[in-house]
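Enquirer: This is the structure I want to talk about, given as structure tokens.
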Amino acid sequence: MERSQERNGGEGVAGREPGGEGLRLRREIGLWSAVSLMAGCMIGSGVFMSPQGVLVYMGSPGASLVVWAGCGLLAMMGALCYAELSALVPKSGGEYAYILQIFGSLPAFLVIYTFVLLVRPAAIAAVSLSFAEYAVTPFYPGCSLMPQAVLKGVAASCILLLMLVNCWSSRLATMLVNVCAVAKVFSLLVIVVGGAVVLGQGRGHTETFLLAFHNTTQQAGRIGMAFYQGMWSFDGWNNVNYVVEELKNPKQNLVWAVMIAIPLVTSLYLLVNISYLLVLSPNEILSSDAMAVSWGNQVLGAWAWLVPLAVVLSTFGSANGMFFGGSRVCYVAAREGHMPQLLSMVHVHRLTPTPALMFTTAVALVLVIPGSFSTIVNFLSFLGWITYGTTIGCLLYLRIKKKNLPRPYKVPTIIPVIMLLASLYLVLAPIIDHPQIEFLYIFLFLLSGIPVYFLFVYFQCQPRCLQMATLYLQLLLEVAPTTKNVD
């Protein structure tokens, strides 16, 4: 293993097992890298684009701030539940690994089927489109409608560049996560300080807070949709669970990463939203196509260009974190036989899951073509909360059926119960109160995984041409199978 590390300059996520039996994931992610990965994935395009959506659905500034605080609390409780599950099932893969271990093969396959083919590539596509929108804006001043071909081209270029970075070196990808995370926190602090300066000068819209809860909606479905918009900004709270096998001292560092990253991000989000409300009136927020840019134009003056730059860095870093975590889930599922065997292999020299990264890239590029940011967010959140609820159900099942399992870390039972009820509410309320045909399409897509499972996994129907293609691609890409990290 030492010779392998020297040959590759210490880069990569895998190493040789003693005796040379195969490759395995190496533990390269320390505590602060885990904090950066979690915070970096959460701080993406959401805090710059979602506040408008939360305000639209809630109807009042005060209620929108309550939703942001509630989203942070939900993310915190969910991450603590996942930390306990990670201690019981110490495998990469997050929800997929936990559901596979506890509920069995078919439910786990349905999770990975939607995650690999829709959820993660669509999230990468949405963030890349947001990156493209802010990256292109300075070149089209005063243009309210950007050329779609340019936007799609820049988004595709972002995805391809991140694929190359992650394929080249996992250490390089981790360094990029850390650098972007620092830049994101700094950019949010600029917005917070800018709002404080405006308040100190007596120029803020303080009247907004005098009638903070006026016109608040009472509809359960609209509240659910507001949480969808808000939770999009916290998407990534579970990202470290996808790479547990690469985390140093995971039983301790995972919990610490949760306790540091999520309160930090929640506090920044609340302060940033207060800054938006101080500088922009509710009507200005609702009418703005790029709310952060509108804030920058009013507060920063000649330095307003810093805001699009901050959003570009945030979205680029967030997409990189999604690549880093999402490809590992694809890799773990292939290792368990739920995806093509090729996707479970790593590059023999670079020691990165190259096939899984390339597959994620291909699907994301396909989804960039017809995709739009606002459409993707709500329906990804719908699928996400189905998965979160099922995963929390795993923890409650273990509490009831296997009480005597050794648990190095345990959350109070009330926390997973609240998370399960919140999941049920966020799945059912929008459907009952504001039904849309797209929800039916998503449900049908989920059900379509059942015949796929029985055909290719249960009955193991593998055409010879697929086996030959796997062999040729393995030689072409220079990849080899891996073994699991269980320590």
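Note that Cβ sites are derived from N, Cα and C of the backbone, with glycine treated the same way.
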Enquirer: Checking feature assignment: transmembrane segment per TrEMBL, candidates 62-85, 350-373. Which range matches?
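Expert: It is 62-85 that TrEMBL describes as transmembrane segment.
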Enquirer: Cβ under 8 Å to the transmembrane segment (62-85), counting only same-chain residues 6 or more beyond its ends: which ones?
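Expert: Residues packing against the transmembrane segment (62-85) from afar: 38, 42, 51, 54-55, 94, 98, 209, 212-213, 216-217, 223, 226-227, 230-231, 233-234, 237-238, 241, 254-255, 258, 262-263, 265-266, 269-270, 273-274, 277, 388, 391-392, 394-395, 407, 409-411, 415-416, 418-419, 422.
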Enquirer: Most CB pairs under 8 Å with the transmembrane segment (29-50): which of 149-169, 299-319, 379-399, 411-432?
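Expert: The stretch with the most contacts is 299-319.
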Enquirer: Could you pull out which residues elsewhere in the chain have a CB under 8 Å from any CB of the transmembrane segment (379-399), counting only those six or more residues past its ends?
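Expert: Long-range Cβ neighbours of the transmembrane segment (379-399): 78, 81-82, 84-85, 88, 94-95, 98-99, 101-103, 107, 111, 114-115, 118-119, 122-123, 126, 227-229, 231-232, 235, 405, 413, 416-417, 419-420, 423-424, 426-427, 430, 438-439, 442, 446.
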